[in-house]
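Trainee: Handing you a structure now.
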Amino acid sequence: MAKQRRDESPSGLSDIVEPDGLLGTGLTSRHIEAFGRKVTSTAGHLMGPTTESSNGGHYHTAMVDIHRELRRPTTQRKVFSLTQTTPTDLVRSKLSTTEIQSRAISSLPDELLANIPEDSSSYSLFEGFKATQDDHEYRKSHRRRSSKAKKLLKDGQAKEALPSAPTDLKKDRDLLSRRLDLMGVRKNMCSSEIHDIDNKIANLHNMRKIVLERLAGLEMEEAELEHELTEIDNKLEDIQEDTPGTPVAVSTPKSSEAADDSVLSEDSAMDASFMSESIYQKLPSPKSLKKRSIRKRSMPILHEHFSPGSQIKEMQAHTDMVTAIDFDYPFGTMVSAALDDTVRVWDLNTGRCMGFLEGHNASVRCLQVEDNIVATGSMDASVKLWDLSRARTVPRDNRVGRPDEEDEEDDGTDAFSILSATTLEDCYVFSLDAHVDEVTALHFRGDTLISGSADKTLRQWDLVKGRCVQTLDVLWAAAQASTIGADTQWRPSGRLPDASADFVGAVQCFDAALACGTADGMVRLWDLRSGQVHRSLVGHTGPITCLQFDEVHLVTGSQDRSIRIWDLRMGSIFDAFAYEKPITSMMFDTKRIVAAAGENVVKVYDKADSNHWDCGAGLGADEVGPAPATVERVRLKDGYLLEGRKDGIVAAWTC
């Protein structure tokens, strides 16, 4: 039987495979013959006639090299050894059966199982897993069915679709029902995720609030430490000045020492004839302005973390309309004045009144705070300077008030009067008395102070010597400008001043440059070296109430309800905008311009995007309850905004 099967083989070779095959590799003669035929056909194809391809010689050489390499015994052993390893053996796991069984039957400890949270959801874990799977397969099958249905239409002739079998409809219904249930599971999962996100956001807001409170406490503690350190430094300086044996030059202030050398040299002969040197040295020297630098290790940053328009603090500062406010830096020291004839010093960090500045005989109309120096201009026609670093608090026993004032303090209804029942003594420096009418505007920088008065004059003061060095007549300058002629670039407005407005509404100086806004709507730029008007800016149709300039622009506010931005390089209007009511106060920083425009909110203008928005208590006021009072004065520094209202309230905002 085996012999007959061997004879029937077309190749004449035996097809009977020994257990180990040829060469012990499991290969049969049929496999070798098939391999030889494939090699022959491939070689014949590659090494065809040389006329068909120019690369035939290269193919012939390559195949000869391959044939020579395959005839080597080492190469044959390597090729035949690969047949002993099946693909299953190559990818088979190296783990033993014992290891696999051990891992399969491993269980979790009871401690971990006890920590599994209880789920109140009505959906199982498997349903949630199925809900997260995409339904692409359903969409593909649905498209295939619809495409097949469309192919049944031939030549554009619509035929009635054959009715589906009930079993198919039931399958479709079950499939749609299952997908609808999965949609419910997915909606529940989305709702849970949204709820978790809301909880995380609420927790973050609470954490941010806690950190802000901590930052506020740190800044308050920092302010107290700096205040105590400043007091100790001042006491040490006072002790050194009062200690006997120190040089006589110590009794003379350092700020006025160099400035008075020329004066002493000129009047030395008169001093010798007037009195002896020993008697002259025993005379008490008047107080001089001593600018002590405030020790500030770091600037407050709390207001930078509030959103714009957020209220920081509100204080009932006065009992009447606020006429002037100013502060040195955010959360620092504020000085406010009102029609109640008081000037109060406040700690913006704690909102506490530190005391009164007493000395004026009438209400203060204007003031400025620069470091520890305060300048106040009053309706009594005087300008007084104060040094807050010398302040010493004493009870206010000489107050002039109503007979029932003490009863109000005992009741505690007026909180700020209890906290502010002290006077700041020893901080008065000197008074500048030369005007004959109320002082309506002032500004000082360095050792120069400019004051404007209702007597229609501007006066330049030397703060070192405490005397007036120059008087500028505004009416004379206006008359001189009107007689120059019609060929001048800047013409006088020709309008009469408003009787209800201040003749000098605002002033600002920088070195030898002075800007002054008056009741005739003119903005005059003076040169203090010559005492002449360098340029006049015409554009406003009402009295100027406020102005401020920097290196490039000058911003002015007027009772004509407009704010104008001037280009100092060209002398022309750069930008302008108006509000519904007259502008009473204005100030700007690097980002925004704020203004008080006769409303219960502060008008804010963003320089970058030219956006207008409101800030103040009037935004959140209830229509039923009483509305906040009108804002009269505004001050802005480094995004920290102060507003003074008509009812005596002063509030701090982020801007």
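Every residue gets a Cβ built from N, Cα and C, even glycine.
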Trainee: Can you say which of 153-198, 199-244, 291-336 is given as coiled coil in Swiss-Prot?
Mentor: 199-244
Trainee: So which range, 1-22, 45-66, 397-418, gets flagged region 'Disordered' in Swiss-Prot?
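Mentor: Going through 1-22, 45-66, 397-418 one by one, Swiss-Prot flags 1-22 as region 'Disordered'.
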Trainee: Taking pairs 6 or more apart in sequence, does the count of Cβ pairs under 8 Å between the repeat 'WD 6' (580-615) and the repeat 'WD 7' (626-655) hit 3 or more?
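Mentor: Contact between the repeat 'WD 7' (626-655) and the repeat 'WD 6' (580-615): present, because at least 3 Cβ pairs are under 8 Å.
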Trainee: Out of 434-473, 539-578, 626-655, what stretch is closest in contact terms to the repeat 'WD 1' (317-358), meaning most Cβ pairs under 8 angstroms?
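Mentor: Between the candidates 434-473, 539-578, 626-655, the best contact partner of the repeat 'WD 1' (317-358) is 626-655.
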